[in-house]
Each structure stands twice: as structure tokens, then as C-alpha cells.
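S.K.: First the structure, which I've put down as C-alpha cells, then a few questions once you've had a look.
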């Protein structure tokens, strides 16, 4: 594909688009976060998952502090071009709580996910 | 689990939370949409995927007109309780364009998804 064919992503009024990160290895949905245009550009340029942190209000290179980076195998866009899917190889766990996936609980509060690291040993 | 244990979902300032729908059969990410509290309640009560349509500004029973309903096997919530995951059995295709998944294109514009129905035959 030529660069001209890049889909015109709708970053919305706040400049952000929701991004689903999915494990390339087994399809597990790992997290939902947001990207601005810079984060998408960095992801495509570097092949590592970048987002925009709404809480810190800054570009977020996932795993920069924890080492739990994401190697992005594919970036997909949905039919309305207002949501992205990063298909990734996840180092360690995606969730800051130590679980592989942020979606490690049912809405009834039951833990169903796998804990893969101790956050006390990873974060200061 | 008791009903009391239900996680307190953060519906945000606009009353909506993003929802990822994933195929229970093979893990494919099918779509990203939004739910308000009523949509989540209806999903849990009926076992069929309900969302809130931002374009139509109304409760949206997925597949009510197309027949492409979603039987929801599990509802998960993320660590911050501000995103949901519906694990579903999808009738037909999730995407109104006829593809199984709304994420049927790469961001470079290459079609990678499978078309499973002709929208002209499904929608008026």
C-alpha cells in the first residue's frame, strides 16, 4: 500500500480516538486506551504501542517505565474510522495492577484474569 | 457472586462508557461502541448486546433490525471501571457494511476482514 492510502482517522472533538489493544498470540483483549494523532504516528513509526494518557495529559509510550512494552504487529481502524485496534505482542502484563489484561474482572466483581507480575516490584 | 458485588461502572460526564465486543468463538474483536447504564442493565437482564447509539441518540438493541444480534456470554470491566468488554456469540456480522468485524481494514486501507453478508439485502 502507498502512504497516500492511509485512512483518515476521526480523532473527534477532543483529538482522541479509543484504541483496543489485543494480544496477537491468543486474541485476549488487553486494554482500552486513547490515542491522539501523535500517538498513532509514533506507533506506526516505531512499531511500539503509544497512547495519549488522559490522566497525565501527555503522550504515553506504553511500558516506558515498567518495561511492559507492546510490539505492534498491526493497526486496524473500524468502519467509521473513529476507533483503532492495535494487535500486539505484550511484554509482561498490560495492566498496572499486575494482570495480563485490564479486563480481568467480570462486572459482578469476579476475578477471571491471570496475574503475571507484582506491581510493587515494577513501579516505584 | 451476590448482586451487591456489581462493580460501580464509571459512565463518565456524558453517561457513556466504551464497550469492546469480542467473539467468544475465536476472540476476534468485532466492534467498539458505547453503553449507558440502561444499555448495560438491558444487556445483563436479557443476555443480548445493548448499546447507546450516539448518532441516533437512543438505546440500541444490536441486531433488532438486521437480525444480527449478540448473545452475551460475559461482561467484563477494566481496572479503572471505565470500559466494558462484551464476550458474545455474534449472529451474522457485527458491521453494518457486511463484514464480520468493524475492524476489517488496516490503517493503511488494506481490507483484511471477512465479508459475511450483503448489506443491501439486510437493511432497507
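Using N, Cα and C of the backbone, Cβ positions are placed for all residues, glycine too.
Pulled from TrEMBL, these are the listed features:
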BINDING   A:78, A:80, A:82  Mg(2+) binding site
BINDING   A:79, A:95, A:102  Zn(2+) binding site
DOMAIN    A:31-104  domain 'Phosphoribosyl-AMP cyclohydrolase'
S.K.: Among all chains shown, work out which of the binding-site residues A:78, A:80, A:82 has the most CB atoms within 10 A of its CB.
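M.R.: Compared across A:78, A:80, A:82, the most Cβ atoms within 10 Å surround A:78.
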S.K.: In this structure, which of the binding-site residues A:79, A:95, A:102 has the fewest other Cβ atoms within 10 Å of its Cβ?
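M.R.: Minimum Cβ neighbour count within 10 Å, taken over the binding-site residues A:79, A:95, A:102, occurs at A:79.
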S.K.: Express the distance between the Cα positions of residue A:95 (Zn(2+) binding site) and residue A:82 (Mg(2+) binding site) as a whole number of Å.
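M.R.: Computed Cα spacing between residue A:95 (Zn(2+) binding site) and residue A:82 (Mg(2+) binding site) is 24 Å.
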S.K.: Please report the distance from the Cα of residue A:80 (Mg(2+) binding site) to the Cα of residue A:102 (Zn(2+) binding site), rounded to the nearest angstrom.
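M.R.: Approximately 25 Å lies between the Cα of residue A:80 (Mg(2+) binding site) and that of residue A:102 (Zn(2+) binding site).
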